[in-house]
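J.: Relevant sequence annotations retrieved from Swiss-Prot are reproduced here:
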type     : residues : note
COMPBIAS : 1-10     : compositional bias 'Basic and acidic residues'
DOMAIN   : 53-121   : domain 'DRBM'
COMPBIAS : 188-199  : compositional bias 'Acidic residues'
MOTIF    : 559-562  : motif 'DEAH box'
Amino acid sequence: MFSLDSFRKDRAQHRQRQCKLPPPRLPPMCVNPAPGGTISRASRDLLKEFPQPKNLLNSVIGRALGISHAKDKLVYVHTNGPKKKKVTLHIKWPKSVEVEGYGSKKIDAERQAAAAACQLFKGWGLLGPRNELFDAAKYRVLADRFGSPADSWWRPEPTMPPTSWRQLNPESIRPGGPGGLSRSLGREEEEDEEEELEEGTIDVTDFLSMTQQDSHTPLRDSRGSSFEMTDDDSAIRALTQFPLPKNLLAKVIQIATSSSTAKNLMQFHTVGTKTKLSTLTLLWPCPMTFVAKGRRKAEAENKAAALACKKLKSLGLVDRNNEPLTHAMYNLASLRELGETQRRPCTIQVPEPILRKIETFLNHYPVESSWIAPELRLQSDDILPLGKDSGPLSDPITGKPYVPLLEAEEVRLSQSLLELWRRRGPVWQEAPQLPVDPHRDTILNAIEQHPVVVISGDTGCGKTTRIPQLLLERYVTEGRGARCNVIITQPRRISAVSVAQRVSHELGPSLRRNVGFQVRLESKPPARGGALLFCTVGILLRKLQSNPSLEGVSHVIVDEVHERDVNTDFLLILLKGLQRLNPALRLVLMSATGDNERFSRYFGGCPVIKVPGFMYPVKEHYLEDILAKLGKHQYLHRHRHHESEDECALDLDLVTDLVLHIDARGEPGGILCFLPGWQEIKGVQQRLQEALGMHESKYLILPVHSNIPMMDQKAIFQQPPVGVRKIVLATNIAETSTTINDIVHVVDSGLHKEERYDLKTKVSCLETVWVSRANVIQRRGRAGRCQSGFAYHLFPRSRLEKMVPFQVPEILRTPLENLVLQAKIHMPEKTAVEFLSKAVDSPNIKAVDEAVILLQEIGVLDQREYLTTLGQRLAHISTEPRLAKAIVLAAIFRCLHPLLVVVSCLTRDPFSSSLQNRAEVDKVKALLSHDSGSDHLAFVRAVAGWEEVLRWQDRSSRENYLEENLLYAPSLRFIHGLIKQFSENIYEAFLVGKPSDCTLASAQCNEYSEEEELVKGVLMAGLYPNLIQVRQGKVTRQGKFKPNSVTYRTKSGNILLHKSTINREATRLRSRWLTYFMAVKSNGSVFVRDSSQVHPLAVLLLTDGDVHIRDDGRRATISLSDSDLLRLEGDSRTVRLLKELRRALGRMVERSLRSELAALPPSVQEEHGQLLALLAELLRGPCGSFDVRKTADD
């Protein structure tokens, strides 16, 4: 006989057997909401400590229990309030406990609850001091303390139901037709965006491939049925199996139907007095009735519900652990239907008149059936020599053709230099004595006697400005000044220019013409003979292309070698090999801090000369001192709490408050503030301008960043007017080689941007990370160069000890494609691995191999690692290889100018974007893009508008245009300079007749510059394989099926579109295919920030590689052989003609690369013109079934 008491006893025993936990449940822990529904400070602090709490909880339980997901052990129950949402998180391991969270959105409330749970886990010892995970063995030991051995949870994953549930879900899925796409832009997407970023998603086709289903297994007895219980033994057994049946039923129905309640689909009707008879009507998955009796109403209902649970399990709708399946598994039929739609090839519809034109062209200009696109390797007998490599040597100092000086001319020039030197006496006396001066003879003798010398000089010793002058002085005073031609490299443009100007001033008017500089977009070379040329490392690398042995150069000084940027490490490889070609050349490596013995060993044990520096006293303040000074005592506890963590978040308000405090109470003098990047610079600048208000005229706020042209950065060296305080906001660009004389205060955020490359995802990540101790020393030194100063470090003293001594060399943490290409230009006979193994720190062989493979994929290298004809052209263009390829193809496809603008804007963003105005910038970009679906064409229109207003010569019009379109004038000037430089590069690569043709609308190279689809297609051809296919439907990691959402698929896997690209919020996509330049990794997700919709026929016709065709004589499919991202279908004639058109375009590219483009025979030019006109018309036509609309959820 069944009784409620025996039922409760059995249920308690069952739970103890399952969990070994006492029956009483702990009271829920609540994350209290602040008044008004906002998140309280305590809640924010929890989320700062646990920024990704749901991931962390899943990881702990997953590792402890050996399962791939923890959905069964973490159950989120949602409650909608009037102003906010409440979530109760039920935790089933290691003990049963509940926590609550609140938020304006569902995901916010879930994260609050999860963060509170993380705090519990940490208190229980399940997380380390830095919230790190333990290994599985340790979790087993910890679990025993709770009476919950992990072994009892070590169960295999539940088997997926062996059937399709088409009839179980009444909701129908409406895909957008063949090739079509639907997407919800409604509330669900907005609320779940953060969930997507935190937990990841899987597209429908991937999910289906992961589920090993037997689709032929029939549904077991899914017809409606009624169970009249004459004895309740079956019900008692069912209740033992399902101790909480009503909860389980509700959860199953809610998950399967995506509803917040199960009341409408699960209804009880109970009658009787002494014996209660309960009838449960279940309307899901089909109408079913279950009847049970009991002494009380609750008992009868529980029995009926248990019978229902038993039935659902027999249908495969409950897993082997008596838990609900995922939402996706309940909707497997819809998933399969949608998956079939996604896999179906898209139909090609080419108008008949265009097909006839293609046939006519191919009949007139047939492509030989045996013709196969070659690898385009450079051959001496079938290609015009390209570039200056095959011509006369270039003078590294002046850039003119190199001709050695005749002996008589050398004597005359040396005598002239000696006379000029003697006349400059008073100017030299005015120069201040520097710590390096007493070591003059030691340094000069070492340089004279040894081919390589390392000079280690502390900050302020004068090595950068004085050693080049000392070399020139010795040569001139010994009567051999004409033989002294020194190239001094600097890591940054601003330091090359400023140091050259400083040295020129110190040498005086008579020798000023002997000092010059050369940086990207700006050059002022010195006169030859007795010359000092300051340049960036990249400039010297290009000079080595045209003069591999540096004939005519007496010394190369590599300054700031300790920074270990990738170009400097590459230069050292070349200079080491250069010693055999030019033994007279003297190499000087100068370093402020660093492992100088390492450089000495690299160059065979060369001497290291240490020069002490001079620094005025600098008083240092650390975070705890700064917070006390600012009266921010409430921050002290928080910062102490996070002291042991590696969090690199910068509080811009704190930076602003500190600068204002220094201004109000500190000593007079300039303030130099080191910030990680451009966004932080703009953020602090805007905050300062808002705080200063009407008094802004008393301050000179100057940003310093590589995005800003040189002419706009020179103001930092100028003395401000009396009563005006200079505030310089800079990245680490101002750390070395640049001295701003009036700086008294340095604010050091302790952070900088560092590029890191993920070999697995092949994605770069620009991360904000802690600087090294060497960086801290350099930054502090900027305050004590010319007077006593103060350094304010926005990190605690304890953080300084945890910082690494030196930065990781850039060559070990960045993509290597450009470096491998440079290696092939300088030493083509060596393999990439062989060449880069000679670096001071050689990169990972796998990283080098990946770079080689990518260059082979884009057609720059052949299988033997030789430059192809395309690679030979790319060698002249100073930008990333894929962007350079796009430029080369644009010259061939006669749409050059817009591609030059796009590449320049991808190098320097023209928009004045900041953390505060990102949404406004995105709106402007969308307007500029019109209906092109392209961030890149938005760049083109922005620059075109700027060029137009410049012609008006009306200042107010220019300012209005900049303000309305949120454009940044210095960046636009830089972009203009880049376009000019690229034009010169293209001319050097024999792709145009003269540089001015590149920007001339009437030139042949711009004949199709107005054809937007062609421009986007050519950009895609250069960036390929950077191609995205938009797919409908996704499944979250938690198993929720979202049919009206989209995923973005690349060759490497799924990515996300960043909010900054216009295609993220587009209400209509004309094409399912997007191209992009760069993907970046942030918080574990891979994002694309710039994208363009591309015509599917452009993808088919313009990409490299082979295509695969299946033809039954009537219909045919064509796809890319190296990717599953494009499958097209059409009638056999259309597919055949498109394949031949593709081959004709490949032949055109090959011909154009094998000779000077402007010198092609007129007949070939005519053929190419007809072909391009045909291509433009084809891409101008309608997309047909490629048209894609994003629709809102019903």
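Just so it is clear, glycine is given a Cβ too, placed from its N, Cα and C backbone atoms.
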J.: Against which stretches of its own chain does the motif 'DEAH box' (559-562) lie, if we need a Cβ under 8 Å and a gap of at least six residues from its ends?
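T.: Long-range Cβ neighbours of the motif 'DEAH box' (559-562): 463-464, 488-491, 495, 568, 572, 589-596, 599, 736-737, 774, 806.
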J.: Give me the mean pLDDT over the domain 'DRBM' (53-121), rounded to a whole number.
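T.: Mean pLDDT across the domain 'DRBM' (53-121) comes out at 82.
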J.: Across the domain 'DRBM' (53-121), what are the DSSP residue counts per state (helix, strand, coil)?
T.: 29 helix, 21 strand, 19 coil
J.: Summarise the motif 'DEAH box' (559-562) by DSSP state, stating how many residues are helix, strand and coil.
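T.: So the motif 'DEAH box' (559-562) is made up of 2 helix, 0 strand, 2 coil.
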